[in-house]
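The block underneath contains the structure these notes are about, expressed in structure tokens.
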């Protein structure tokens with residue numbers, strides 16, 4: 001008697017864990033709570049799975065994904081769709097070249113002689129060497145793509161190349177120097193300021209500086225070769241009680257130059273101090289000083305009279321030219337800006353290396369053929385592509401064209417780009433698709449197709465139905481700059497997994513290296529029904545096809561019976577099994593007259609399903625109205641949940657199949673854990 005009571009108590013205690021009762025494991029691994037209504041674990045944040053034993057990984061803006069609307073992509077994704085989640089630790093294992101807790105950042109280039117900054121920071125930074133516009137950038141890649149801000153004298157996407165001196169072409173005439181005006185009013189004010197030019201800043205300057213002392217301060221910068229300074233009015237200082245305008249003429253720095261940048265401010269005084277800069281066509285503020293002017297002299301590597309060796313930053317000057325002082329005379333700039341030409345550069349291949357035409361007098365300059373460059377046309381140009389990284393030129397406007405897309409180095413001997421290993425294409429314009437770890441490292445692990453974001457958008461589907469979205473089709477949309485650059489894996493669907501009934505599954509993850517487990521209805525749910533659709537076919541000849549979730553049947557004869565139609569439908573992995581019933585007194589699915597209706601109950605595909613799509617282009621009708629038709633209607637929407645492992649098992653990611661593999665069978669016997 002006592003043993004019978006003990007058994008009843010034990011069985012009552014097992015009711016929560018028993019498979020005939022509430023199927024939660026009771027504790028939900030200590031990371032969730034059992035919902036007594038559904039019998040499922042409701043996991044705490046950070047945990048997932050049927051028993052909440054697995055950890056989720058951090059999410060970030062996806063590097064690549066399917067568009068969710070036209071020109072809308074890059075939603076949040078686990079590991080930013082550029083890594084695999086370790087479910088035991090909740091940590092992302094990022095693809096090489098990506099980093100961050102959610103693989104949300106592209107790794108910095110080496111930046112051999114510079115520093116690494118983001119697209120957002122580059123937009124906010126105007127150094128007039130690498131970045132020339134101060135603006136904002138908050139597009140999807142603002143904090144994801146990084147590049148280099150090179151130190152002065154260095155260039156290239158990774159700052160590994162040395163810049164050659166730039167100078168004015170001494171053979172051109174009729175050009176003017178850059179002139180800028182410094183306007184200053186100071187009546188008993190205090191404080192100091194400084195002037196910055198191309199990342200170099202003067203010593204602190206006082207309101208009592210003279211033309212001579214300001215000239216000395218500016219020429220002390222290694223970015224300024226020479227200036228002429230004059231102060232307006234009767235005073236001798238750059239600031240005056242009634243204001244003074246100081247004109248600064250860049251005599252030895254050719255080109256349209258960036259503005260001097262004022263650092264600091266003057267304060268106090270009997271009247272509010274004024275300290276401004278006028279450039280371009282703006283006139284001086286005081287004493288009727290005329291307009292400033294942009295410089296029109298060329299600012300070209302080696303003054304366009306030599307060839308730059310970017311490996312060492314040295315100009316090899318053409319015959320008759322040598323280093324200048326920046327104003328046409330001899331000097332130490334190393335820019336080939338001093339000399340006179342009496343002929344165009346000639347090599348062993350002829351004038352302009354046989355790759356261009358000579359202008360003859362008075363310029364004696366080479367006009368190179370497409371694909372060639374340099375003063376003598378001996379250097380090759382490299383293909384250009386939309387830059388992966390650069391400075392924005394307006395709000396959210398960036399990624400201009402650049403040689404080798406700013407992710408590779410141009411070999412000027414061959415005209416070929418040497419791309420960073422993460423990128424490919426003649427101009428390094430494409431992000432490579434990930435490869436698997438199998439034999440030969442196949443692209444997308446051998447289980448998917450490499451597609452651009454533009455192509456991924458066309459593959460966007462909801463409930464298996466294509467949505468017709470586009471990405472990048474709007475011309476010059478700065479927010480979809482990556483439409484033909486970022487490549488991703490479109491993983492295979494309905495892949496055969498082995499010799500089992502219904503042994504088909506979809507691959508997933510950024511590299512298609514893992515699989516979805518089969519989906520099925522929760523066996524503990526009651527009162528749920530399968531989807532039932534009907535087709536009413538009016539035809540007496542020919543054939544038709546039916547499409548379901550992008551899979552299409554073979555041609556089906558108009559007079560096919562239920563078994564033939566069922567076989568055609570079940571040949572689609574998106575359907576697998578179905579019950580087909582023809583009503584209305586006929587044995588054939590179509591008729592030339594009468595009310596023949598065929599119902600199709602979906603017994604494998606579960607949930608509320610998309611409609612079958614008929615192709616009636618091969619059907620015929622010999623009687624009036626002579627227009628065949630097939631009308632599809634939903635008789636009963638499916639209400640069974642379509643859950644991975646039927647929410648009663650754990651997916652191992654390897655897609656190991658059973659007969660169906662979905663944990664959707666409820667054992668009639670108790671299971672004691």
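Using N, Cα and C of the backbone, Cβ positions are placed for all residues, glycine too.
DSSP classifies residue 34 (disulfide bond) as strand under the three-state reduction. The feature disulfide bond is assigned by TrEMBL to 24-34 (among others).
In the three-state DSSP assignment, the secondary structure recorded for residue 52 (disulfide bond) is coil. Its own atom aside, the Cβ of residue 52 (disulfide bond) has 24 Cβ atoms within 10 angstroms in the protein chains shown. Per TrEMBL, the feature disulfide bond maps to 43-52 (among others).
TrEMBL lists 368-377 (among others) with the feature disulfide bond. Under the three-state DSSP scheme, residue 377 (disulfide bond) falls in the coil class. Counting every protein chain shown, the number of other Cβ atoms lying within 10 Å of the Cβ of residue 377 (disulfide bond) is 25.
The C-beta environment of residue 419 (disulfide bond), restricted to residues of the same chain at least 6 apart in sequence and closer than 8 Å, consists of 404, 407, 408, 425, 428. Residues or ranges marked as disulfide bond by TrEMBL: 419-428 (among others).
Per TrEMBL, the feature domain 'EGF-like' maps to 20-53 (among others).
Feature annotation from TrEMBL assigns domain 'EGF-like' to 340-378 (among others).
Summarising the annotation, TrEMBL assigns domain 'EGF-like' to 395-429 (among others). When the domain 'EGF-like' (395-429) is classified with DSSP, helix, strand and coil residues number 3 helix, 14 strand, 18 coil.
The signal peptide annotation in TrEMBL covers 1-21.
Around the Cβ of residue 368 (disulfide bond), 20 further Cβ atoms fall within 10 Å across all displayed protein chains.
Within its own chain, the domain 'EGF-like' (340-378) is flanked in space by residues 169-172, 302, 304-307, 318-321, 412, 415, which lie at least six positions past its ends and keep a Cβ under 8 Å from the stretch. Geometry remark: residue 377 (disulfide bond) versus residue 34 (disulfide bond), CA distance 76 Å.
The domain 'EGF-like' (395-429) scores a mean pLDDT of 98 in the predicted structure. In the structure shown, the C-beta of 428 has more C-beta neighbours within 10 angstroms than that of any other entry among the disulfide-bonded residues 24, 34, 43, 428. Taking only the Cα positions, the spacing between residue 52 (disulfide bond) and residue 34 (disulfide bond) is 10 angstrom. Within its own chain, the domain 'EGF-like' (395-429) has Cβ neighbours under 8 Å at 96-97, 106, 109, 119, 123, 135-139, 147, 156-158, 160-161, 310, 371, 373-374, 379-389, 478-479, 481, 484-485, counting only residues six or more beyond its boundaries.
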